[in-house]
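What follows is one structure encoded as structure tokens, with my remarks underneath.
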Amino acid sequence: MIQVPIASPGTTDTARAPSTAVHEEATPTTAVAEFTAFARARTAGLYRIAYLLCGDEHRAHDLVQTALERTYRAWPRISSDPFAYARRVVATSRIDTWRRTRREVLRDPAPGTSDLGTSEHAPDHARRVAERDRLVRALQMLPETQRRVVVLRHLLDRSEQQTADELNLARGTVKSAGSRGLAALRAVLTTTTEEDA
């Protein structure tokens, strides 16, 4: 569960700088209420993005927690689109995590479980879970930039310009990374589909 911070954004330690006006106390309370509403409304969306970027449930929760923490600290400065700010924090935090853990390898499924949920008689839910797992594993095989572009452009329906702005990339880089990423995904998913058949 994501925990909402207790301290107010932009406030100072009261032991060092006591409040001198009632007006100053009303603004942080409003900011806390606004941020709390934002966090409750957008946590699930941030988690989805984080999971698609990292492919690990626990790391996705960590990325969301980091994004909410940084968004909370920046709350007084971000007014136009706090969700875009939080998405960018998720993406950049993922890069930082990737740099630290780039030598890790995704584990293969436990022996005897690789075909679970893929039989014709499996419930639809199991089939969807298996397909999602295949997609997440395929995304993990892409280079970081291609993965980020594919997730934002094709899974979150962002325009090329929005993706370029959010990732601090040139629009041409977004186009080429997206094209290469989709081609690589097609190749991987086609190969795994043929192997399963």
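Note that Cβ sites are derived from N, Cα and C of the backbone, with glycine treated the same way.
Pulled from TrEMBL:
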DOMAIN    46-103  domain 'RNA polymerase sigma-70 region 2'
DOMAIN    133-185  domain 'RNA polymerase sigma factor 70 region 4 type 2'
REGION    1-25  region 'Disordered'
REGION    104-128  region 'Disordered'
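Summarised as a single figure, the pLDDT of the domain 'RNA polymerase sigma-70 region 2' (46-103) averages 82. Note: the domain 'RNA polymerase sigma factor 70 region 4 type 2' (133-185) comprises 43 helix, 0 strand, 10 coil (DSSP; helix = H, G, I, strand = E, B).
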